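Participant: If you look up TrEMBL, you'll see 115, 116, 256, 321, 322 marked as pyridoxal 5'-phosphate binding site. Annotated substrate binding site per TrEMBL: 150, 285, 320, 415, in sequence order. Per TrEMBL, N6-(pyridoxal phosphate)lysine is recorded for 285.
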Ligand SMILES: *Cc1c(COP(=O)(O)O)cnc(C)c1O
């Protein structure tokens, strides 16, 4: 097919997610058809650095020989069989490996296929757990969730989500969450300075839990970094504080590590950094190294036990997805975890994390850079119209989007969150490639913002 045919067929038939359709139809689509390492190639043969890890999921680069081989080997056995009433070796082995690696206490693995399903499973699991453990009457019907939270696009996830732009439309379909302020220190919802802000945010959670005794099934949180909200980096101790509050108020903690899991923050799981053992852990994106859709919801023996029962006891978790635990996905997930060992991915990240910090510190001084944030190999630059007042650019100006579009001309593919530029390369990126990426991004940042008042 010629690039021109692809362009026409795409415009005529393909509905792109999170995409303004009129703008899309008017623009020249970028059509990627192959990749190598941290680079993507479009149908015209142009090369782009994959600065968003193909939507925050690629870990070891594209076409990694070990990952490719794992899929081929599995393909020679079977592409898909179900976990409903049947099992298979790769899912068994992966569940064992995840339990070995995950924070202590998580001993049970429920597979599904996407981040959204991993969290949806977690919510339903928490709800049903309480009904079978203590209250046959559904008393614990509430979830505590953060402002700006993003947990996926199914209706349960949207109910605990807090990004208005994504969720306002579906308000009438959602269950109400107990919303607590996000500890977003640059734009503190309580207008406090650090460390008072983090403490005040935890106090707000304490208050909500005190006001709703016995009503909260779980607190849901993206540990350390709230992704879609704009890469909001939580202050140290906040996650630990949430864990303590959930214990003190006898409720569960659901850690949504869909975006931050698998090395992204510098440790295999973000929870490790605050020595937090959640009751439920949601994994997806990086689980397969960014190769195939596979997700896992891990939980404790305590929660699993509440579901133990015969058919007639009615304790069964009536939830499952056709492709949950798919053998190809499980095989490549196992291979990805092997590569973490073989290539010492986490150790190799240390100098790259330091380089990113240095380079972000330098860009902080630019006139329209309001805030820079980082955790591991997640970087974010929040652009503002006015540094002193932190006033944002008018939404319609699309400053972030324009910078990222311009970056394509220099061979960098990045996707902003509003006016927050996101730096999220595959963990396998080299120092030189990271510099190349930041050179392009900063150059486009200067070019586009120079023309603005
Ligand atoms: C991306 C994301 C999800 C949803 O994952 P999908 O695979 O897109 O359904 C859930 N939670 C967080 C924190 C995410 O970043």
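Glycine too: its Cβ is placed from the backbone N, Cα and C atoms.
Those TrEMBL annotations? Automatic predictions, nothing curated.
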Participant: Reduce the DSSP letter at residue 256 (pyridoxal 5'-phosphate binding site) to three states and note it down.
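Facilitator: SS state of residue 256 (pyridoxal 5'-phosphate binding site) = strand.
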Participant: In the structure shown, which of the binding-site residues 115, 320 has the fewest other Cβ atoms within 10 Å?
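Facilitator: Comparing Cβ neighbours within 10 Å for the binding-site residues 115, 320, 320 has the fewest.
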Participant: Quick one: Cα separation, residue 320 (substrate binding site) versus residue 256 (pyridoxal 5'-phosphate binding site), in Å?
Facilitator: 19
Participant: Out of the binding-site residues I have (115, 116, 256, 320, 321), which ones have their Cβ sitting under 6 Å from ligand 1?
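Facilitator: The ones that qualify, in sequence order, are 115, 116, 256.
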Participant: Which has the fewest other Cβ atoms within 10 Å: 321, 415, the binding-site residues listed?
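Facilitator: Relative to the other binding-site residues in 321, 415, 415 has the fewest Cβ atoms within 10 Å.
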Participant: Which one of these binding-site residues, 150, 256, 285, 322, has the sparsest Cβ neighbourhood, judged by other Cβ atoms within 10 angstroms?
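Facilitator: Selected from the binding-site residues 150, 256, 285, 322 on minimum Cβ neighbours within 10 Å: 322.
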Participant: In whole Å, note down how far the CA of residue 256 (pyridoxal 5'-phosphate binding site) lies from the CA of residue 150 (substrate binding site).
Facilitator: 9
Participant: Counting across all protein chains present, how many other Cβ atoms fall within 10 Å of the Cβ of residue 116 (pyridoxal 5'-phosphate binding site)?
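Facilitator: Total other Cβ atoms inside 10 Å, all chains included: 21.
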Participant: Give me the CA-CA distance between residue 322 (pyridoxal 5'-phosphate binding site) and residue 285 (substrate binding site), in Å, as a whole number.
Facilitator: 18
Participant: Roughly how many Å lie between the Cα atoms of residue 115 (pyridoxal 5'-phosphate binding site) and residue 415 (substrate binding site), rounded to a whole value?
Facilitator: 19
Participant: Roughly how many Å separate the Cα of residue 256 (pyridoxal 5'-phosphate binding site) from that of residue 285 (substrate binding site), to the nearest whole number?
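Facilitator: For residue 256 (pyridoxal 5'-phosphate binding site) versus residue 285 (substrate binding site), the Cα atoms are 11 Å apart.
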Participant: Cα of residue 321 (pyridoxal 5'-phosphate binding site) to Cα of residue 285 (substrate binding site): how many Å, rounded?
Facilitator: 17
